[in-house]
Structures are given as structure tokens and as C-alpha cells.
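Colleague: Got a structure for you, questions after.
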Amino acid sequence: MRIIFAGTPDFAARALEELQKAGLDIVLTLTQPDRPAGRGMKMQASPVKILAQQYDIPLLQPETLKSSDIQAQLATFKPDVMIVAAYGLLLPEAVLRIPRHGCINIHASLLPRWRGAAPIQRALLEGDTETGISIMQMNQGLDTGAVLLKRSLPIEPYDTTATLHDKLADLGGKCIVEALTLLDQGRLISEPQNEVDACYAAKIRKIEAEIDWTCDAAYIDRMIRTFDPHPGAFTHLQGNTIKLWQARIVSHVNHNSSHQAGKIITVDPDGIVVACGRDALSIDILQKAGGKKLTAAQFLAGHPLHPGESFHKATQDNQGASET
């Protein structure tokens with residue numbers, strides 16, 4: 001089976017690695033052009049490009065797939081199937097028709113739940129107890145194609161977007177190998193998605209990561225884990241932006257008055273306990289703008305805090321602290 005693989009970030013590279021290990025015939029890899037990244041804004045190759053070069057797989061980096069020239073070039077490879085994983089470019093209908101078996105997508109959710117750009121973050125933020133990988137036949141819609149294979153995994157109470165990403169990337173690689181094996185055997189069954197159950201995972205906006213302390217502690221805890229590693233859940237204190245990276249729910253603390261939300265209840269090297277709309281959070285790891293991530297004990301050694309002080313949103317900050 002002749003395969004074109006299209007993907008860009010680490011999530012896609014792990015799938016490419018699994019396909020390569022399985023000995024499948026990858027005739028071409030597509031990935032986005034090199035982009036400036038990092039503090040020095042130097043041009044960097046994508047993880048998929050690096051891996052393709054490591055395995056000497058032919059590589060193309062088009063800016064778009066809309067041109068007839070690139071479409072004609074893809075057709076010369078006579079692909080049986082194109083595998084797409086977090087590629088980042090739109091696939092025109094003409095491209096979808098090139099492979100004999102069409103284009104198959106590796107999507108990081110249990111479709112039809114969480115179609116769209118940020119399925120991992122949305123599942124975590126909304127408190128889903130499980131997520132998974134859907135192998136989907138691509139069409140012109142946004143993740144609306146028939147599901148060919150689906151595998152689930154639990155979302156653990158300690159999971160962050162980073163840990164969940166890694167679990168799903170590994171699962172995605174295994175799933176696509178399984179799906180292609182079934183396809184080759186003529187045993188891959190497609191199932192249309194139920195539109196009634198569909199919901200969309202909109203792209204994450206930075207402003208969503210600002211903590212509203214009137215929310216309950218369980219939701220704020222999920223925020224902290226959802227926005228790890230990017231952009232980092234943040235709040236404000238004494239004119240400074242503070243990012244929170246790890247916290248624990250303190251359920252035996254009960255605060256019914258909304259004006260208490262964000263107030264520091266106790267200050268302890270083991271954690272800074274802050275009142276929420278319901279229950280409280282013990283902040284274990286935090287970071288001042290421009291600084292390093294610190295445990296509560298390390299932070300307090302250089303930034304003494306006292307019960308009664310309050311974390312709050314930027315709109316409550318007279319000094320107008322900016323986001324980082």
C-alpha cells in the first residue's frame with residue numbers, strides 16, 4: 001500500500017514513527033514550511049520533517065495544496081491512501097480524491113465529540129472522564145467524515161494537556177497502523193457520525209487562561225491543567241502577573257460569599273490556600289512574570305504573602321498588569 005503522510009508537529013511525528021516501524025510503504029511526506037521559532041526566531045524544521053529526513057522519506061513543504069501544480073505532483077506518487085495528522089493546511093476536494101482510498105485523519109477525540117482545533121484542551125477543561133483517538137475518512141467538512149476506528153483512554157485527575165497529548169499521540173500511532181492493516185484486509189468498516197452528539201473544540205484564546213476565582217475550585221484546577229504547557233493559567237497579585245502550574249483542591253474549606261473568592265486563606269510552604277467560588281485551592285507551583293517556576297516554599301522565600309491578600313483578574317488591578 002502506497003502512503004502519503006501529511007503532518008507537522010510532534011503529535012504527527014509519533015504516528016509517522018509507528019508507520020515506519022510497521023514497515024509500511026511511505027512514498028512521500030508533506031509538512032509545513034520551516035518557520036521562525038524560539039527566542040532567536042531562527043528557522044526551524046517541523047518534527048515531521050526531521051523524522052522524514054532521518055528515514056530518507058521524500059519530502060515536500062508546499063505553502064498551499066490549492067495549486068494545480070502541487071496536486072499534479074501528488075498524483076504522480078500514485079498513493080493508495082493519504083494519512084493526515086495535525087498537518088495545518090486545508091485539503092481541497094481535488095486532493096481528497098487523489099488517493100485510491102481517499103484521505104484518512106488521526107483526530108484526538110472521540111468523534112463526534114470535540115470536532116475542531118483544540119480537542120485535547122476542551123475535553124480536559126470540560127471535565128470529560130475519557131477521550132481517545134478517532135480514525136476518520138476525510139471530507140470537505142470540519143471533522144465530519146465517517147469514523148473508521150475509535151479507541152478510548154481515561155482522563156486521569158492529574159492529567160495536563162501535555163500528558164494527555166503524549167498519551168494520545170502514542171495511541172494515535174497505534175490506531176493508524178491498526179486501521180491500515182484492516183484497510184489492506186478489506187475489513188475496515190466506516191460509521192457515519194451522529195450529528196446530534198456533535199460539539200466543537202474552538203481554538204484556545206489566551207484570555208481564556210485568566211483565572212476567575214468566583215468559579216469553583218474543581219474548574220480552576222482543570223484550567224491550570226488545561227493550559228499547561230500553553231499559555232499557562234494566570235492571575236494577578238500586587239501588580240504582577242502570576243502563572244499557576246500545579247494546585248490541589250481543598251474541599252473541606254467552604255466559602256459562600258463571592259467577595260471572598262481569590263482571597264488567600266493560609267500561607268504555608270506546602271501550598272498557598274486560596275478561596276474559590278466553591279471550596280479552595282492549594283497552589284503548589286507558580287511563576288512570576290519573567291521568573292522561573294517555583295514551589296510554594298521557594299516562591300514565599302522571595303515573595304512573602306499574607307492571609308487576606310487577594311489574587312484577582314486584570315480588570316481589578318489598578319496597576320494594569322499585563323499578560324505574559
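For all residues, glycine too, the Cβ spot is worked out from N, Cα and C.
Taken from Swiss-Prot, the feature (6S)-5,6,7,8-tetrahydrofolate binding site covers S109, L110, L111, P112. Residues or ranges marked as region 'Disordered' by Swiss-Prot: 305-324.
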Colleague: Counting only residues 6+ away in sequence within the same chain, which have a CB under 8 Å from the CB of L111 ((6S)-5,6,7,8-tetrahydrofolate binding site)?
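Modeller: For L111 ((6S)-5,6,7,8-tetrahydrofolate binding site), the qualifying residues are S134, M136, D143, V147, K150, Q193.
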Colleague: Compute the centroid of the Cβ atoms of S109, L110, L111, P112, then list the same-chain residues not in that set whose Cβ lies within 8 Å of it, in sequence order, for the (6S)-5,6,7,8-tetrahydrofolate site.
Modeller: H107, R113, W114, R115, P119, G132, S134, D143, V147, K150, Q193
Colleague: In which DSSP state, out of helix, strand and coil, do we find L110 ((6S)-5,6,7,8-tetrahydrofolate binding site)?
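Modeller: Its secondary structure by DSSP: coil.
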Colleague: Enter the number of other CB atoms within 10 angstroms of the CB of P112 ((6S)-5,6,7,8-tetrahydrofolate binding site).
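Modeller: So the Cβ neighbour count for P112 ((6S)-5,6,7,8-tetrahydrofolate binding site) comes to 20.
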Colleague: My understanding is the cutoff is Cβ-Cβ under 8 Å with a sequence separation of 6 or more in the same chain; which residues meet that for S109 ((6S)-5,6,7,8-tetrahydrofolate binding site)?
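Modeller: Expected: R115, P119, I120, A123, T131, G132, S134, A201.
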